[in-house]
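First comes the structure, then the notes that go with it.
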Amino acid sequence: SANFMPEGWSFCGRILFPIYPCAPMESPLCATLPLLIAACCHLMLASEERAAGEAKAGVQRLLYRIRTLGEDLVLDLERDPSFLAEGLTVQYLGRSWQPAAVDGSTEPGNYYTGTVNSDPDSVAAVNYDGVSLLGVLQYHGTEYHVQPLDGGAPNAVDGAGAHVLRKKIPEKANGTMVGNCKIPGQFPVPRGKGDPGWGPVYGIEKPATRQAAWVPPPHLRPSPFPQRFASVPRYVETLVVADEHMAQFHGAGLKRYLLTVMAAAAKFFRHPSLRNPVTLVVTRLVVLGPSEDGLQVTANAAQMLRNFCQWQKGLNKPDDADSEHFDTAIFFTRQNLCGISTCDTLGMADVGTVCDPTRSCSIVEDDGLQSAFTAAHELGHVFNMLHDNAKACEDLNSHSSSTRHMMAPVMSYVDPDQLWSPCSAHFITDFLDNGHCLLDKPREPLRLPAPFPGSNYDADRQCQLTFGPDSRHCPNLHPPCSSLWCTGKINGHFMCQTKHFPWADGTACGQGKACMNGRCISKVEMKSPTPGGWGSWGSWGECSRSCGGGVQFSIRECNKPVPRNGGKYCEGKRTQYRSCSTQECPDALTFREQQCTVYNHRSDLFKGFPAPMDWVPRYSGVAEKDQCKLTCQSRALGYYYVLEPRVADGTPCSPESTSVCVQGRCVHAGCDRVIGSKKKFDKCMVCGGDGSRCSKTYGSFAKPRYGYNDVVTIPAGATHILIRQSSSSTTASDGIYLALRRQDGTYALNGNYVLVPSELDVSLAGSVTLRYSGATKATEIITGRGPLREPLTLQALVVNDHKAPRLKYTFFKPTQQKGRQDAAPFTAERNMRAELGPSGAASQALLRVIPALSGLGAVLASWQRPGADSQPPPARLVSGCPCSKGGTAGNNLRSI
């Protein structure tokens, strides 16, 4: 008959329902757990489409009836590519591995999902190859497995073969919750388990004992600026690896279980509190066998992470377009992971490594469906998130708890309205804005199982996965959904225990109700996802500067509406900014200088250094990508450090540029200090000028004498200065060095026979900075945009007069200045008298360059002027001066 047919269906072939006698399964489990064994029946299948060819062509809908001793099960099935993602590959590694022990190795046909007996809370998920069914049914809290009966013959010419249906019986496993292990090691970011809680209400949580230390994320190349301040979809192509312990525990349900866990983790990353659209995509699944060489599974969590990170590199393909490429790898094990003194570690990962293929990895100890929380937590670390109790999170989480969000060091309760803390949202946003990876959308979008995990795993099964096969859900503990309480036996007494994780989403919690984010709600509320929408732009914030060109921001939130039930997060621009306070600042310290001087009295950061320090900006030797970091140099010692990862918004990127820093990125601005303006300085440094207010001056130096030789006086107001002294050799100086003297006789550069060997920022009056290449370069260069606030005399220090100088200079000077001070070069005789004095004191010394105590240069001391027929000894730069930290400018001196 057709009385079980859903409305709108019609038969397309003969339907046969022969009844076969059923008998208990012959299994040792029947004697030990007889109440858990269902009747075992042969059954006949009816469907719309019969032929295997039609199945492979893509039958869209199927109807089956399975007759058992209890009741008929009517399966209403539709083809579902989301059940097992297209393109997902499953690999089995190990010489002694038997792939048949785990489902999903080489299943033919297509996947179908649907309902059982039209029950909306039921789940049917099967593979159909045109002849037989293989899959799982969830109906009224019971899990059934259906599979072809080995050797079964077709019951009719056009009928399917015989099948067997049985209830799921969990394998016997060790119910011990926490092991006892003491293995020393270093733990980058451990995830604490916490002690189980015993009692009728709630358990006692072990306090957190470890914190994540922030590590600056490596391998972050700048992304195109339009991506910054925008909500851009990110796709995390993920490799999932399970070890032998996982395969033994979960058996044929391993793949389905792992996909369910990853589906829940992916759902957490779609929560609006993350403030970013992040999609987890499982591209590969690898199951390790008992004899897999190359990856050593150990209880030492830190060592296990290192082993796995090293091992997974061999599986990855560097090309993003390759179907086997992945962005991160996650390892699941039933091995009890141990820290330094306890085995309370649930997972581990490094911080900020998702863009580094060698370190984008994490490990998770499987602890039931709540492993989804651990997986999301460890992936959070990979995305540069810290633990919520880290010092860097104090201000960001000032109005939020550090123990109620996903990145709490020990999980006790997760706020369903704010899974991720403000600190987590801040760090992942900053990380993604500055990163370059995760922008490629998979060519074959891969979807994880759509049903909520509680639909497939009821509360009893969740307890079994967590505490062992004998555990069951403790009923009547209120409120439902907030914490999963399970039966356990301690010292011979039955008690209820919990690990503080909520019930899995979708777990039934009452008539017509199910759990969602730790709350029991109507099933109607959880059916359809609601995508988010942008709210209106907020008011402009405070300007970052009071003068000189600051920056102010306006933001909008994804709250009209807030995404719900896994709905899509808003995409597009979330922050806009503009220039403010563009008026000229009075002559004083530059904005960057002000930020450096803040550290002058921070002796706590520089122990062993003399206090107070005199910190000045460092430009030379700083890479372009690092211009918006606060790099400061000790004026006395010469060492330089990055004192802040970002300068304040509105700080000029460099002395030669009108661009400004905005949230750590150099943004184009015009000479009028307006972001996005196209106004430029002309050669006279007139904003928007036509170059008519200055003239070009250029010349060379051809008559060297020993000592300091005046070359030209560069007047105040000079702009676009370029001075170059090229050696005849490509590797060494000719013994002619550039120097700059002020009007009062003091030196701005290379005076008093002290040479600066490496790159230097020459600070002048009026916060003007010139760049100097260093005396050890074969081509010595001085450059500066100006305008100068004081005249400077360019000099050539000559210690080898048998080499012809190659010194040339150019600059622009205001046209209103009369005369050409550089028309007549100074004579060498006058210069020598001026520098050496009437007694010729310098003639009493040897020609030698030795390290200066300041670390900034090398002292040219004790040189003796030779007689007319003698040759001077060669000049030397003796190695051994203190070297600056970081960059390329801090090399030891080398002989020339």
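Cβ atoms here come from the backbone N, Cα and C positions, even for glycine.
As written in TrEMBL, here are the features:
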DOMAIN    234-442  domain 'Peptidase M12B'
BINDING   E237, D320, D327, C437, D440  Ca(2+) 1 binding site
BINDING   E237, D320, D440  Ca(2+) 2 binding site
DISULFID  C309-C361  disulfide bond
DISULFID  C338-C343  disulfide bond
DISULFID  C355-C437  disulfide bond
BINDING   H377, H381, H387  Zn(2+) binding site
DISULFID  C393-C423  disulfide bond
DISULFID  C463-C486  disulfide bond
DISULFID  C474-C496  disulfide bond
DISULFID  C481-C515  disulfide bond
DISULFID  C509-C520  disulfide bond
DISULFID  C543-C580  disulfide bond
DISULFID  C547-C585  disulfide bond
DISULFID  C558-C570  disulfide bond
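Look at C481 (disulfide bond): DSSP puts it in coil. For D327 (Ca(2+) 1 binding site) paired with C355 (disulfide bond), the C-alpha to C-alpha distance reads 7 Å. Taking a C-beta cut-off of under 8 Å and a sequence gap of six or more, C474 (disulfide bond) has these contacts in its own chain: W485, C486, T487, C496. Cα of C558 (disulfide bond) to Cα of H377 (Zn(2+) binding site): a span of 23 Å. Cα of H387 (Zn(2+) binding site) to Cα of C543 (disulfide bond): a distance of 31 Å. Looking only at the disulfide-bonded residues C423, C463, C585, the one with its C-alpha closest to D320 (Ca(2+) 1 binding site) is C423. Note on proximity: of the disulfide-bonded residues C309, C338, C547, C570, the one nearest C580 (disulfide bond) is C547, by Cα distance.
There are 20 other CB atoms within 10 A of the CB of C509 (disulfide bond), with all protein chains counted.
With every protein chain in view, the residue among the disulfide-bonded residues C463, C580 whose Cβ has the most Cβ partners within 10 Å turns out to be C463. For C481 (disulfide bond), the disulfide-bonded residues whose C-alpha atoms fall inside a 10 Å radius of its own C-alpha are C509, C520, out of C355, C509, C520.
Closest by Cα distance to C423 (disulfide bond), from the binding-site residues E237, H377, C437, is H377. With the fewest other Cβ atoms inside 10 Å of its Cβ, the least crowded of the disulfide-bonded residues C423, C486, C515, C543 in this structure is C543. Reported as a whole number, the C-alpha separation between C393 (disulfide bond) and C338 (disulfide bond) equals 27 Å. In the three-state DSSP scheme, H381 (Zn(2+) binding site) falls into the helix class.
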